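Database features, via Swiss-Prot:
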type	residues	note
ACT_SITE	TYR371	active site, for cyclooxygenase activity
BINDING	ARG106, TYR341	substrate binding site
BINDING	HIS374	heme b binding site
DISULFID	CYS21-CYS32	disulfide bond
DISULFID	CYS22-CYS145	disulfide bond
DISULFID	CYS26-CYS42	disulfide bond
DISULFID	CYS44-CYS54	disulfide bond
DISULFID	CYS555-CYS561	disulfide bond
DOMAIN	18-55	domain 'EGF-like'
CARBOHYD	ASN53	N-linked glycosylation site
CARBOHYD	ASN130	N-linked glycosylation site
CARBOHYD	ASN396	N-linked glycosylation site
CARBOHYD	ASN580	N-linked glycosylation site
MOD_RES	CYS526	S-nitrosocysteine
SIGNAL	1-17	signal peptide
SITE	SER516	site 'Aspirin-acetylated serine'
Amino acid sequence: MLARALLLCAVLALSHTANPCCSHPCQNRGVCMSVGFDQYKCDCTRTGFYGENCSTPEFLTRIKLFLKPTPNTVHYILTHFKGFWNVVNNIPFLRNAIMSYVLTSRSHLIDSPPTYNADYGYKSWEAFSNLSYYTRALPPVPDDCPTPLGVKGKKQLPDSNEIVEKLLLRRKFIPDPQGSNMMFAFFAQHFTHQFFKTDHKRGPAFTNGLGHGVDLNHIYGETLARQRKLRLFKDGKMKYQIIDGEMYPPTVKDTQAEMIYPPQVPEHLRFAVGQEVFGLVPGLMMYATIWLREHNRVCDVLKQEHPEWGDEQLFQTSRLILIGETIKIVIEDYVQHLSGYHFKLKFDPELLFNKQFQYQNRIAAEFNTLYHWHPLLPDTFQIHDQKYNYQQFIYNNSILLEHGITQFVESFTRQIAGRVAGGRNVPPAVQKVSQASIDQSRQMKYQSFNEYRKRFMLKPYESFEELTGEKEMSAELEALYGDIDAVELYPALLVEKPRPDAIFGETMVEVGAPFSLKGLMGNVICSPAYWKPSTFGGEVGFQIINTASIQSLICNNVKGCPFTSFSVPDPELIKTVTINASSSRSGLDDINPTVLLKERSTEL
């Protein structure tokens, strides 16, 4: 009888044993598989490593690791020695070779086809085929682990609001030392919300952006039904209205396309565009208006070139051209600015034609979380000679009509944005959005910040002070989390020490860049079958793509061709800032923090 009791106790104890993969034992992208209840096996296939935990490098891997400089060394080289890079930029074969390496080395860090999602921490047909999920760079932490992050850290995670209050919330506006402006901030917001479209009815692991990339559904609508409501069905154009001699989006009443507006917004200010949340702030509607004008302008160009084409072909070809323009602007203007490189990035799909590369993409949940760059937002928005606080700015398209697109472009080009890394720079107006980012990451069972660093071949941080580069926030972090290997992804990205004179820390760049470049170059228009003049209506359409820039987009569609770029033109606006954030509070506590939080727009 005693023997039976002991056996029963042993079985019960075994059934409550933690999943052996909770400790994330497999290194260097090795895959952990449980064997029985208390054993695991690491699959090191094609990792370049071997051993029980995939920790021993093969001979060629050892040589590569010895020769490979650290990411910070590469960043230093690319952001210094301007004279050398000026020479390289003017030697086509050298520039092409370096750009090709940048694209392949970054893109190969992304699994394609996708591997995991929030409900499947192992390879499955469901994880591959179900487009309604965001994919995952790392599988979720197993359900039966001793702690929320696996085996490290406390048994209960710190209160998300406490994290935001102590580490993320702005005390005083910290400008971006790279000089990013509000044209950049709103471009980032407008561009990314064609593929960051969380389905909040189903949960943060699900997306409504089934195109999983640059398909411009934020211009044309996610569904065919919405697209048809927005189209004019004449000469390929989108519906529009003329106000004071300039083109603006049509109204909800004229299109019957659903948009999110509060009841108090009058009908004539309820503009209808592809993304239903873009009525939130005039900065988003500014870009929506500019791209509407660009689509209809391209239709006119194609109509002149191809009078024989009907409405459908003009529409579809114009959409492909705008996709090409978008990718070109993102790589050569937007990413170029973010990088701070003296090396000139180049959009040229032919660089990958002789490489092993898959022309498909799946948006990762971690990429969505990483892109919550709310510290970019200022305390107030300066348009011409007027300042608007958040309560005056949101859902107020009358500002757009009052000032006009030209004044918006001029003003946002001059207004500096905030620094993202370094901590304590999230505006109080979006405090609840930052808190939701932490809560949703927990719901999706993200692995720790250091596990993501290892996944992207970065050395894990060994101390809190190494992470933040200062003492005050590192002490707060340690009190909250207890273990550097238990710090969560989103808070760590925002408190990580910035690179010298940079907007981001190392991890934001080294994790974000692979997702970004794979998503851009994995677009179907970049494939050999598509990347040819005939796809875009001939040389005229191809030329529109190959000469696109943020300045040309503005000049072609905004009265007076105001100067613009993604950085402030006046160097005096860029002030030297310290790595650690100020501990004094800003004066924006009276703003209702829930004002930007609507059920379907928390990513904004």
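One-based numbering along the chain as shown.
Using N, Cα and C of the backbone, Cβ positions are placed for all residues, glycine too.
Counting only residues at least six positions away in the same chain, the Cβ atoms of ILE327, PRO349, LEU352, TYR359, LEU520 sit under 8 Å from the Cβ of the residue listed as 'S-nitrosocysteine'. Between the alpha carbons (Cα) of CYS22 (disulfide bond) and HIS374 (heme b binding site) lies a span of roughly 32 Å. You'll find the Cα of ASN396 (N-linked glycosylation site) roughly 20 Å from the Cα of the residue listed as 'heme b binding site'. By the criterion of other Cβ atoms within 10 Å of the residue's own Cβ, the least surrounded of the disulfide-bonded residues CYS22, CYS44, CYS145 is CYS145.
In sequence order, CYS26 are the recorded positions from CYS26, ARG106, TYR371, CYS561 with a C-alpha within 10 Å of the C-alpha of CYS44 (disulfide bond). Checked against CYS561 (disulfide bond) by C-alpha proximity, the recorded positions ARG106, TYR341, TYR371, HIS374 yield TYR341 as the nearest. Closest by Cα distance to CYS54 (disulfide bond), from the recorded positions ASN130, CYS145, TYR341, HIS374, CYS555, is CYS145. When the C-alpha distances from ARG106 (substrate binding site) to the recorded positions CYS32, CYS42, ASN130, TYR371, CYS555 are tabulated, the minimum falls on TYR371. The residue listed as 'active site, for cyclooxygenase activity' and TYR341 (substrate binding site) are 20 Å apart (CA-CA, integer value). The two recorded residues, CYS32 (disulfide bond) and CYS42 (disulfide bond), have Cα atoms 5 Å apart. Residues belonging to the domain 'EGF-like' (18-55) score a mean pLDDT of 97 in the model. Across the binding-site residues listed here (ARG106, HIS374), the residue whose Cβ sits among the most other Cβ atoms within 10 Å is HIS374. DSSP classifies ASN53 (N-linked glycosylation site) as coil under the three-state reduction. Around ASN130 (N-linked glycosylation site), the same-chain residues at least 6 positions away in sequence with a Cβ under 8 Å from its Cβ are ASN117.
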